[in-house]
């Protein structure tokens, strides 16, 4: 077993070797290196063929028409293009947008920008299980609502929202529905023929593909219109200009092809690994699972260890790659805004660790990780005066601390 052990698959995944192999074929002079937009010679035609094949592979995972897939540089760009693109195009219809307090920053910072431009945004608070229900969405809708954006799977706590039911609601009201699906491809079945989602963001690097590439699903029937955010040569039917990076797109296509083929058995294997890990740590006192345990992807276990500082626990677990909060915001020392939205107090939010498992995680690694977590939590609590007070029956929330 090689140390350190990677248990941070929701931050990024390693590129699957089969994906890397396909990508390498599109780089050098011997390979398929042409510009897909070069229409006048065979190098361009061959590159375009590879790109369109990849587009088909992405579409097949989510049962969409390949013409509905727009290439982007990642889910952050897809979120920006979807939300700003719709807001600017449909601004004459209304200026109200609905989203949730637990979205990824790529959605929240985009809606904040639109607020500065004069749009109004309602931020839904989820239940304490981390789920945003259709009833919550319905309560937030107004006459002038033009867009609802609700994530499929949460990046910090792994909870799954019922986008099928929310889609029925938005379609009945004639409101566009955007879903950030960066964390759900290859983990949850998605059928865009059946569900009434108008826009959906995808990322390659959360699904064993390369970083720096993603896609946006833009529904054709009923047709969704967007205002482009990136201008240039008019690539991607004018929605997203810029030379297509054949190797990146081929990588994403292959990653999504593998995801479609292997998702069912991979989910079962990962669920068994997660359960095995949890069984070995659940005896720890004052252990809290963040988010619903049922409406959740098996890859994610977000735990709060009360009376242990999350940062010090991460330092103590130096052989384990885990995170507190999401990778995009874990550099700040603020407690997780997602856990705060669930109603967790600052102490519990600060003591949370996200363990995320994936394709290359082994049973041996799980057992080692669980043992290390138990040792570290026990040791850190032995050093904690708060833990002593708690064990002595003191209600710490009622203690009045003296300032010196």
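Please read every residue number as a count from 1 along the shown chain.
Just so it is clear, glycine is given a Cβ too, placed from its N, Cα and C backbone atoms.
Residues or ranges marked as pyridoxal 5'-phosphate binding site by Swiss-Prot: 75, 76, 155, 183, 203, 204, 205, 243. Swiss-Prot lists 206 with the feature N6-(pyridoxal phosphate)lysine. According to Swiss-Prot, the [2Fe-2S] cluster binding site annotation covers 328. Sequence annotations record features per position, and here Swiss-Prot assigns active site, cysteine persulfide intermediate to 328 based on sequence analysis.
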Binding-site residues listed as 76, 155, 183, 203, 243, least Cβ neighbours within 10 Å: 243
Other CB atoms, at most 10 A from the CB of residue 205 (pyridoxal 5'-phosphate binding site): 22
Where residue 203 (pyridoxal 5'-phosphate binding site) falls in three-state DSSP terms: strand
Under 8 Å by Cβ from residue 75 (pyridoxal 5'-phosphate binding site), same chain, sequence gap 6 or more: 104, 106, 180, 182, 201, 202, 203, 206, 214
Same-chain residues at least 6 apart in sequence whose Cβ lies under 8 Å from residue 204 (pyridoxal 5'-phosphate binding site): 74, 210, 211, 213, 214, 248, 251, 252, 255, 256
In three-state DSSP terms, the structure that residue 76 (pyridoxal 5'-phosphate binding site) belongs to: helix
Most distant Cα pair in Å, residues 75, 76, 155, 183, 203, 204, 205, 243 binding pyridoxal 5'-phosphate: 30
Cβ neighbours of the residue listed as 'N6-(pyridoxal phosphate)lysine' where a neighbour is any other Cβ within 10 Å: 27
